[in-house]
Amino acid sequence: MAADAEAHLCVLQGSICGFTIVTGGAARLVFGYDSYGNTCGQRNELIEGVRLSGLDHTDRKFVFFLDPCNIDIVQRKIKSVALCVSLCPAEELQTYQDLKRFAMVNGSELCSYELAAHKYPGLPERIDKCPKLPVPPSKPLPVFNRCTPVDVSCYAKFAEAVVTFVGDSSVLHRLIAGVAASKEIIIGLCVLALALSMILMVIIRYISAVLVWILTSLVVLGSLAGTGVLWWLYIDHRLYGNDTSPKLPKEAKEEMKAELSADSGQALLVYAVSASVFTIILLLLMLFMRKRVALTIALFHVAGKVFIHLPLLTLQPFVTFLALLLFWIYWILVLLFLGTSGNPEQNEETGLTEFRLTGPLQYLTWYHAVGLVWISEFILACQQMTVAGAVVTYYFTRDKNRLPVTPILSSVLRLVRYHLGTVAKGSFIITLVKIPRLILMYIHNQLKGRENVCARLLLKTCICCLWCLEKCLNYLNQNAYAATAINSTSFCTSARDAFVILVENALRVATINAIGDFVLFLAKILIMTSTAFAGVLLLNYQRDYTEWLLPLIIVCLFSFLVAHCFLSIFEIVVDVLFLCFAIDTKYNDGTPGKEFFMDKALMEFVESSRRLGRAAERGRSRVKEAVSEGAEMKPMKYVHLRATAPKPSQILTLRGVELQVGKKLIG
């Protein structure tokens, strides 16, 4: 059912694209159209009520704006009049005489259609219907036939419409120039971030134990230190106080000082008690979960081995990013097609002709937006399913030297043949949660500053709850895909089985997610800071680049994004390995016929846990038997009093859990 719905959605997405092509929206976007509804480069039909429409623009293939820098990006409206011309001016035109000469020589008239080219210098209408002087040199935009200015300063004006916080335009110009000048270094640093991410995925298994224990120790020591400082401040405040009151009469000053001292002391006490409770809880959690930290280290170690045996896993971020990029490009093109589709309408404010969808067709944009969310989630779910299938194959293959030649390709084929419905259903569930959250965020932004406090808090609470639900469903879906790869069951059955396994191992799940996610986050920060440090050295070495702040920000953002993409794959591998480990330990015990499938590192963890468990069980059994033997001594003593006297050779000793008697009692 979900696969059919996904297929219908894809078909309807294609139908929307076909609709825009048939109705001319695609042609108007690609070839361009003027302010009177005429498409450039073709013969047009007359539009009722619109003057200068229905012209033959077969020889006029480019769109020219009379004021090319007067484009309001924020409002998404073109303020300048657009015309279809046969040639873009390659040189600057400073006077109306230059406009006349350009039109007479090249046959490209840059003023409104009703004005004759040879009369440009003397017409009074030239101020409103001719381009603003001086006309900057321009060149046609590739694919989209628009005459765009060559001068960078015009693009800076576009950026200023978006970056409204920039007050000095010269600063923005220098930043853009800095990015253009240091583009080779930016590309090199991005490649460095990519290489560091791939290297870290392999070597993290060697440093995971050190990282985990160092981070655990730092968290505990930081909590203890913070709690101690708060109690020290509270005691210091109670003993000495702090005279910071203003100059007032003595009685008023004493009263104010007492009130401030009481409030400050109470606040410090609350902080100190809260920190103490948090520290105690943290210490107890560390005490109870210290054994499970070893499982996290073992899983990291095995995950590193997975990438050595399955090196093609490192290509998954590239494949997923390429698929998302192609889909997003297609989605944006169709959205732009929709923006130029529909019926022609004349804007009352500007007098320009615009194309708008009316009636039921206006909801095509919303349907197109739903397709963006669902198909994007579908692509990400396909990546999770592919990785899960490959990791499951690795885990449940006892002899790692006999792994399939291409387990990644085998996983992809199984996904396409058997599990597309599972992936479609999981991505649809995420879409059902994400769309209401996005709508509430849109409403919150639209009402910002106008809603009351209660409504604002309610909206933020709903958004936060939906975000938490989305994260939980994402995690459950990921484990459901792994269960599907193991058992080849349906999505609902796999989700139920995965949920049961996760609940049975709740403490282990909490430990792995808390410690593992924190370690991976620090790894992302490490990659970003290393790339930023290299960027500072390179950009500072090039003394010509005086403005390298913006390039450095671009490099940091890109490096963090790359690290997130690669280490997210590592995180998926760890989660799938844990589910396989939990299922393996649930149905196998290591006896003949029920041998474990797990790796040596996980086997060592299991054996260590069993030794600790047996030692604890022996201790408990000794205590129980000692208590039971002590209880049995009382009736024996009662019999001894009523019976004849025992012989001297009788010895009654209690050694651990063994009771030895020299001879039987006579009585």
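Positions of Cβ are set from backbone N, Cα and C atoms, glycine also.
No curator has checked TrEMBL annotations; they are predicted automatically.
Listed by sequence, the residues of this chain that lie at least six past the ends of the transmembrane segment (185-204) yet keep a Cβ under 8 A from its Cβ atoms are 179, 300, 303-304, 307-308, 314, 523, 526-528, 530-531, 534-535, 538-539, 542, 551, 554-555, 558-559, 562-563, 565-567, 569-570. Positions annotated as transmembrane segment by TrEMBL: 185-204 (among others).
Taken from TrEMBL, the feature transmembrane segment covers 211-234 (among others).
Per TrEMBL, the feature transmembrane segment maps to 268-288 (among others).
The feature transmembrane segment is assigned by TrEMBL to 293-312 (among others). Nonlocal intrachain contacts for the transmembrane segment (293-312), taken as residues 6+ away from its ends with a CB within less than 8 angstroms of a stretch CB, comprise 201-206, 208-209, 212-213, 216, 390-391, 394, 400, 403, 406-408, 508, 511-512, 515-516, 519, 570, 573-574, 577-578, 581, 599, 601-602, 604-605, 608.
Residues or ranges marked as transmembrane segment in TrEMBL: 318-338 (among others). Listed by sequence, the residues of this chain that lie at least six past the ends of the transmembrane segment (318-338) yet keep a Cβ under 8 A from its Cβ atoms are 13, 16-17, 20-21, 25-26, 29, 357, 364-365, 368, 371-372, 375-376, 379-380, 382-383, 565.
As annotated by TrEMBL, transmembrane segment applies to 366-396 (among others).
Residues 182, 185, 188-189, 192-193, 196-197, 200, 204, 208, 211-212, 215, 300, 548, 551-552, 555-556, 559-560, 562-564, 567, 570-571 of the same chain lie 6 or more positions beyond the ends of the transmembrane segment (518-542) yet place their CB under 8 Å from a CB of it. What TrEMBL lists as transmembrane segment is 518-542 (among others).
Taken from TrEMBL, the feature transmembrane segment applies to 548-581 (among others).
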- With pairs closer than 6 in sequence left out, are the transmembrane segment (211-234) and the transmembrane segment (268-288) joined by 3 or more CB pairs under 8 Å? yes
